[in-house]
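The following features are taken from TrEMBL:
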- A:49-159: domain 'PurM-like N-terminal' (DOMAIN)
- A:Asp51, A:Ser64, A:Asp95: Mg(2+) 4 binding site (BINDING)
- A:Asp51, A:Asp95, A:Asp233: Mg(2+) 3 binding site (BINDING)
- A:Thr65, A:Asp66, A:Asp143: Mg(2+) 1 binding site (BINDING)
- A:Asp66, A:Asp95: Mg(2+) 2 binding site (BINDING)
- A:His73, A:Glu286, A:Trp337: substrate binding site (BINDING)
- A:Gly142, A:Asp143, A:Ser235: ATP binding site (BINDING)
- A:173-310: domain 'PurM-like C-terminal' (DOMAIN)
- A:Asp236: Mg(2+) 5 binding site (BINDING)
- A:323-346: region 'Disordered' (REGION)
2 protein chains.
Amino acid sequence: MTIDETGRPHHPIDRTDTVGAIGERAVIAALTASATAGEPAHDIVIGSGDDAAVLDIGGSAVISTDTVVEGRHFRFGWSTPEQVGARAVVQSSADVAAMGGRTTGLVVSIACPAETPVGVVLDLNDGVVRAAHELDARVLGGDLVAAGQVVVSVTAVGALEDRRPVSLGGARTGDVLAVSGPLGASAAGLAVLSDPRAAESDWPELVALHRVPAPDLGQGPIAAAAGAHAMTDISDGLIEELLTMSRAAGLAMAVDSDAVPRRPDLVEAAGALGVDLTRWLLAGGEDHHLLASFEAAAVPPGWTVIGSVGAPSTSAPEVWVDDRRVGGPDGPDLHGWQSFADPTGD
Amino acid sequence: MTIDETGRPHHPIDRTDTVGAIGERAVIAALTASATAGEPAHDIVIGSGDDAAVLDIGGSAVISTDTVVEGRHFRFGWSTPEQVGARAVVQSSADVAAMGGRTTGLVVSIACPAETPVGVVLDLNDGVVRAAHELDARVLGGDLVAAGQVVVSVTAVGALEDRRPVSLGGARTGDVLAVSGPLGASAAGLAVLSDPRAAESDWPELVALHRVPAPDLGQGPIAAAAGAHAMTDISDGLIEELLTMSRAAGLAMAVDSDAVPRRPDLVEAAGALGVDLTRWLLAGGEDHHLLASFEAAAVPPGWTVIGSVGAPSTSAPEVWVDDRRVGGPDGPDLHGWQSFADPTGD
């Protein structure tokens, strides 16, 4: 493998050959070469290519894994292999950020049919490597196996440095709830792709954010350093995450939907498509911005206050949106996305 | 979930319901309960159930991932879900051991069809949890997603403590080669299962070792502490691993097939089935015992010397078995197992 002036790796094997024809080892060698190209990171003792990688964590390690499945979490018609790889990295790293960690290393498992062109696997891996580099992290290794469909698992390993981990259930009565970015873009991008009346070129950034979410994961360590009491990333939609946080803390939580930050193009797209904007904001998942609870005075710059943490609840999870209880008789019934219940594909 | 007097967890959900019917979250909750049952490990700061786990590594972390696919790496007709889970843990942890690491935490991703009975997923997870406990490690978290077939990825995270990592390519001319256990049992067990003339009850231990290999992974840290120069686990067969080590070091390597340790029942089974014993010993993979090179005086108890490391080779990989070169004109052509080339199933 060589690197051209754009930093994009060139693979000497024929990209149109199938993985089965070229063989696992040759493909893994190309993936390893791609993963180890460029500047070595100071905290990697042994990188990709050995039995296992060795990472100098210098304290506590934060570990999370996330798996995406073709036809279920992504479709190659809608996303390029690079985008699929990048998205898997963001998903896992968001979980690390939600503990207050900074992702420093990733391992990647790719399962795919033997008939898959090698170029698809190389591009998927390039997406992983590039997204890792954007987080100042490195790909430490992985596995490539034959399967009936493409399944990508990414495990992110991060460093807490001198911060205390921020758990799901640490919210305290009187805290404010805040988010680290504008919500709903991924759901809106999916709606644009799904709606025959909409063209991708009308809202290109929403579609791009559906394909690869772009949360500022540096806000996780910032929130932890600011003393956040509880934190999670918004993968299943704001309401779903609030229900999880409320259940974990045993406390009521309330949000003001008008306070939820939103992109101007999201408001435009909702109007043009005649869609309920609130649904995108409150139930749209996969933006992977962070949701945290803080003492009111401790909210760091970059975060938007959207609500507050109430009293202990005997019927937790207890989440209120605009003074209506979620799941209550006249309350909103906005639910996020679950892998088995509501697949993207099939 | 409750734990009975045998330590086996009881799950309150109906095991015959499908994963799709019960829903991802309820199943994940049961898996998490199982993973967090029993004694907490002192090095886990935050275990399964949060966005990510936090592990006190106290130095360098060793990380490896391994993926197994239904119909390719295992069949539920031949292995129980518990055995599949346990085997995945051994595979990943063997890679950590091969660096000199002790596995302390694991994350597990399970992809399965929505029609899968929940009992299968719970049993698979129980196998993971039990195998982890046998290694004095803990399950830190995971992911459960829908897919067309069962795909299990296990990422093992280990601690090096004060040992130096042992790489693949560190062998030195004059070293001896040694293995940490008897080889060929997994291949022999597969042969017993495949041969209509053989009954599982004739060689139950070989079959059991095919279903769940039982290497002493504590030998990895022992070898590292003893100053091993190079090490790997034998996943693809001894010859294949020697080729990899020879290539990585640029040195010739030679083994004496008579010196390779073997179980008495392996010798019996080879005789009874009329199989070439040497093929099981040299090409049989998935035993996951360790192969290492040491200074002759440094070989620790528990290891068997099988050969030596020769001079720099301009045509590496250069591996000799009983004075015949592997791949040479009259040499043995014994190859291990590759995921795409030679699937177990399909």
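Each residue, glycine too, has its Cβ placed from N, Cα and C.
Here the features listed in TrEMBL are painted onto the structure.
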residue: A:Asp51; record: Mg(2+) 4 binding site; DSSP (3 states): coil
residue: A:Ser64; record: Mg(2+) 4 binding site; DSSP (3 states): strand
residue: A:Asp95; record: Mg(2+) 4 binding site; DSSP (3 states): helix
residue: A:Asp143; record: Mg(2+) 1 binding site; DSSP (3 states): strand
residue: A:Asp233; record: Mg(2+) 3 binding site; DSSP (3 states): strand
residue: A:Glu286; record: substrate binding site; DSSP (3 states): coil
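Contacting chain B by the Cβ rule (under 8 Å between Cβ atoms), the binding-site residues A:Thr65, A:Asp233, A:Ser235 reduce to A:Thr65, A:Asp233. A:Asp233 (Mg(2+) 3 binding site) has A:Asp95 as its nearest neighbour among the binding-site residues A:His73, A:Asp95, A:Gly142, going by CA to CA distance. For the pair A:Asp51 (Mg(2+) 4 binding site) and A:Gly142 (ATP binding site), the C-alpha distance works out to 10 angstrom. For A:Glu286 (substrate binding site), the spatially nearest entry among the binding-site residues A:Thr65, A:Asp95, A:Gly142, A:Asp236 is A:Asp236, judged by CA separation. Between the CA atoms of A:Ser235 (ATP binding site) and A:Asp95 (Mg(2+) 4 binding site) there is a gap of 9 Å, rounded to the nearest whole number. DSSP gives A:His73 (substrate binding site) a coil state; it is part of no helix or strand. For A:Asp66 (Mg(2+) 1 binding site), the binding-site residues whose C-alpha atoms fall inside a 10 Å radius of its own C-alpha are A:Asp95, out of A:His73, A:Asp95, A:Gly142, A:Asp236. When the binding-site residues A:Thr65, A:His73, A:Asp95 are ranked by how far their Cα is from the Cα of A:Gly142 (ATP binding site), A:Thr65 comes first. Put plainly, the binding-site residues A:Ser64, A:Thr65, A:Ser235 were compared by Cβ crowding within 10 Å, and the winner is A:Ser64. Nearest by CA distance to A:Thr65 (Mg(2+) 1 binding site), out of the binding-site residues A:His73, A:Asp95, A:Asp236, is A:Asp95. Cβ contacts within 10 Å of the residue listed as 'Mg(2+) 5 binding site', excluding its own Cβ and spanning all protein chains shown: 21.
Note on proximity: among A:Ser64, A:His73, A:Asp236, the binding-site residues of the record, the Cα nearest A:Asp143 (Mg(2+) 1 binding site) is that of A:Ser64.
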